[in-house]
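Asker: First, the structure itself, so that you have it in front of you.
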């Protein structure tokens, strides 16, 4: 290993130790003037599903590279357990700033898991390019910007907490794309960024777990029990339709009429991303099914357009395809939120109250624009930070390779 990279042994463990010590101290002292109450354990099954989805599901979902399996699952686990602790403190800080009563328990921990999903999605865009030190710094910076964006939506734009929290997909996708644009492109002859049948199989396994646990993810934030049940039903219907449409569209768009796993892997999850914004509000199941269909269509068609037209022109680097798996469906979900809000509230609105309806639509659009703008700007800023010499960017020849960070046997490399 070249001498310039020996600093990882001295930097990464000590940075993790420092952050853990700071988090422990901050958790010990807490925030002044806020009384703590523990939430009920009735929500543990939902929390457990979300825990499995984020750690196990997304961890294997990112195993798309044939020589980057250890790093995909290992770094995802490290970033999640570190980011959840940061998110718990950030959740407590938001409660403190609002002057409300602080709740320590599964409620706060569940919201933290939802927020840290934005880091997992962004990791997919820079997968194989960023080293562990850069990923840890990315986690801290991204969570700070995300909570600033979320606080702006909830406080100044008065967006409901459940809707502001579900901007994780939109923020994570476009933050990751902006961040990935600041990394050097791999050389043309480097073929480590390809997948293998084994890596595809593990990625599909993770996709199935994410798909199965997604209804619990979308029902975690709504507070009323009737809203939670409605969120589960609508999410499952949207996911089911998007999965069926994914197989249909994959066969129709391929030259030989065969299924393409790379397309199906992202399209089956698109319905869950789109419906996450409106899962608790939709009262007619057929609306959720239509949104699931549109999400699958925009994902598969978007993968063709983005990869063939926009990626070469804009020099977008997206290892795991987070743009058309999470970004485009999230945009569709944000637009659907505005449309459904106008249609549902407009039916019972009198003519003299149309100004209020227009104001609500303007607020929802403003929250969407604010989130995506903050994500792009924050991603570019973080990209500049991660490429300073102090963080030791990995040479392009070391991209997409486990050997640089893990002890890997030659037998495993040969396969």
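Glycine residues also receive a Cβ, built from the backbone N, Cα and C atoms like all the rest.
Sharing the record's features from TrEMBL:
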- 43-390: domain 'Ammonium transporter AmtB-like' (DOMAIN)
- 1-30: signal peptide (SIGNAL)
- 77-97: transmembrane segment (TRANSMEM)
- 109-128: transmembrane segment (TRANSMEM)
- 135-152: transmembrane segment (TRANSMEM)
- 164-180: transmembrane segment (TRANSMEM)
- 201-221: transmembrane segment (TRANSMEM)
- 233-252: transmembrane segment (TRANSMEM)
- 264-280: transmembrane segment (TRANSMEM)
- 286-310: transmembrane segment (TRANSMEM)
- 322-343: transmembrane segment (TRANSMEM)
- 363-388: transmembrane segment (TRANSMEM)
Asker: Could you tell me whether the transmembrane segment (164-180) and the transmembrane segment (109-128) have 3+ CB pairs under 8 A, leaving out pairs under 6 positions apart?
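Answerer: The transmembrane segment (164-180) and the transmembrane segment (109-128): touching, yes.
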Asker: What parts of the chain pack near the transmembrane segment (201-221), using Cβ distances under 8 Å and only residues at least 6 beyond its ends?
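Answerer: Distant Cβ neighbours of the transmembrane segment (201-221) are 43, 45-47, 49-50, 52-53, 56-64, 69, 110-111, 113-114, 161-162, 165-166, 195, 228-229, 231-232, 235-236, 239, 243, 261, 265, 268-269, 272, 275-276, 279-280.
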Asker: Residues sitting near the transmembrane segment (322-343): Cβ under 8 Å, six or more positions beyond its termini, same chain?
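Answerer: Those are 121-122, 124-125, 163, 166-167, 169-170, 172-174, 176-177, 265-267, 269-271, 273-278, 281-282, 287, 291, 294-295, 298-299, 302-303, 306, 316, 357, 360-361, 364-365, 368, 372, in sequence order.
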Asker: Cβ under 8 Å to the transmembrane segment (363-388), counting only same-chain residues 6 or more beyond its ends: which ones?
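Answerer: Residues packing against the transmembrane segment (363-388) from afar: 122, 130, 134, 137-138, 141-142, 145, 148-149, 152-153, 157-159, 163-164, 167, 170-183, 331, 334-335, 337-338, 341.
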Asker: Any residues 6+ beyond the ends of the transmembrane segment (164-180) with a Cβ under 8 Å from its own?
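Answerer: Same-chain contacts beyond the ends: 111, 114-115, 117-126, 129, 138, 142, 145-146, 149-150, 153-154, 218, 221, 273, 276-277, 316-319, 322-323, 325-327, 329-331, 333-334, 367-368, 371-372, 374-380, 382-383, 386.
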